[in-house]
Amino acid sequence: MWSSLNDWLWNERLWLPANISWAQLEDHDGLVFPHPQDTLMAVPLALALVVVRFTFERFVALPLSRWLGVRNQIRRPADPNATLEKHYLMKGREPTESQMNLLATQCGLTLRQTQCWFRRRRNQDRPCLTKKFCESSWKFVFYLCCFVCGTMVLYHESWLWTPVKCWENYPHQPLKPGLYHWYLLELSFYISLLMTLPFDTKRKDFKEQVIHHFVTIILISFSYSLNLLRIGSLVLLLHDSADYLLEASKLFNYMHWRRMCDTLFIIFSLVFFYTRLVLFPTRILYTTFFESIGNFSPFFGYYFLNILLVILQLLHVFWSWLILCMIYSFIKKGQMEKDVRSDVEELDSSDGEAAEECPQMKNGAAQRPGAAPTDGPRSRAAGRMVNRHTPAT
């Protein structure tokens, strides 16, 4: 049964052009070619990268964040309340107005007190600034290393500058060691990102990030198995060229170096727009749609490859819109307000609210309505603070 399923899955009539068979992609005469089973090595490597990442964050990024003055915002914990906690965990973090009124009645609280409890409870679950700094530090180091390695591997290759050469003598293109190791490293990294996604900072484009990671993993595995490494390597290098700039911008933002953060964000935006909205459709999509079938008639693998690339392009357009929103805010207000994808810190209470609307914490219990807050202006100042950072792809 397994043999039949494997034969059906790797049917050469599906994945390869006419008159091309898997036998032609076997190693021969000292030449090495990609094999689908090679991609299995990426799984243990991804697990190793997860270990390396948490080691890096714990022993390098965390001390570095303290040395650079990154400090977490002090958050007031929500008062223990079994009824509100049950609703928060079971029915949602943001109750409707009718649910809020019902919960307030059940708990003997005012509507403002109930709203304040949910605000504080949501803020408790939001990642701290140090955690974000550590995540971005790891991604910055890895993206930068991948971009440098990819540039070194591809710089002298003719298809880097002339994408149509990706299809010369296809699929009889021997696998070079440098390209193999870089490709496997990229695949392992994206698998590790998928593994740690539940533990990473969640943003409003979480679903789009999941789609992106899945599509990228499938695209890398698929292109490797079908010896489409040339065009696949161009896609990877194009993406790596902007990602490290984004993470660098975030790092400076967490350090509150506003001018450096804004400058890097503008540079990132220009690189992103040029690589994702200009080069990707005109150089990558054009050659995969039209130039790739110069010597072959369309086949299933051709359509599958282009569907994956179009999905990536749609994600590029989506993220470009978010970046444009950030740039509009920058032009209008003179600095980056916040990431439009961010799960931002909510204000504990506005300056005009009375103390009774959001009771202050004292020894784990709420003060009676009308009582003066114990921390005075500091609580209002902390309440105004929001978590700001730039968007990621």
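Here the Cβ of each residue, glycine as well, is placed from N, Cα and C on the backbone.
A quick note: this is a predicted structure, and the numbers were derived from the prediction, not measured.
Taken from Swiss-Prot, the feature topological domain 'Lumenal' covers 1-31.
Of all Cβ atoms in the shown protein chains, 7 besides its own fall within 10 Å of the Cβ of ASN19 (N-linked glycosylation site). Taken from Swiss-Prot, the feature N-linked glycosylation site applies to ASN19, supported by sequence analysis.
Swiss-Prot lists 32-52 (among others) with the feature transmembrane segment.
Sequence-remote contacts of a segment are chain residues at least 6 beyond its ends whose Cβ falls under 8 Å from one of its Cβ atoms, and for the transmembrane segment (140-160) they are 56, 166, 168, 176, 178-179, 182, 185-186, 189, 230-231, 233-234, 236-237, 240-241, 243-244, 247-248, 250-251. The annotation transmembrane segment is assigned in Swiss-Prot to 140-160 (among others).
Among the features that Swiss-Prot reports, transmembrane segment is placed at 179-199 (among others), with the record citing sequence analysis. The list of residues near the transmembrane segment (179-199) in space but at least 6 beyond its ends in sequence, with Cβ under 8 angstroms from a Cβ of it, reads 34, 38-39, 41-43, 45-50, 53, 142, 146, 149-150, 153-154, 209-210, 213-214, 216-217, 220-221, 224, 229, 232-233, 236.
What Swiss-Prot lists as transmembrane segment is 209-229 (among others), and the listing cites sequence analysis.
Here Swiss-Prot flags 260-280 (among others) as transmembrane segment. If one looks beyond the transmembrane segment (260-280) by at least 6 residues along the same chain, the residues whose Cβ comes under 8 Å of a Cβ in the stretch are 235, 238-239, 241-242, 245-246, 248-250, 252-253, 312-313, 316-317, 319-320, 323, 326-327, 330, 335-336, 390, 393.
The motif 'Last loop motif' annotation in Swiss-Prot covers 291-301. Looking just at the motif 'Last loop motif' (291-301), the mean pLDDT is 85.
Feature annotation from Swiss-Prot assigns transmembrane segment to 304-324 (among others); the stated evidence is sequence analysis. Sequence-distant contacts of the transmembrane segment (304-324), counting only residues of its own chain at least 6 positions beyond either end whose CB sits under 8 Å from a CB of the stretch, comprise 15, 205, 208, 211-212, 215-216, 218-219, 222-223, 228, 235, 269, 272-273, 276-277, 280-281, 284-285, 288-289, 340-341, 391, 393.
Under the heading topological domain 'Cytoplasmic', Swiss-Prot lists 325-393, citing similarity to another entry as support.
Within its own chain, the transmembrane segment (209-229) has Cβ neighbours under 8 Å at 15-16, 25, 33-36, 38-39, 42, 166, 170-171, 173, 175, 179, 183, 186-187, 190-191, 193-194, 197, 203, 235-236, 301, 304-305, 308-309, 311-312, 315, 393, counting only residues six or more beyond its boundaries.
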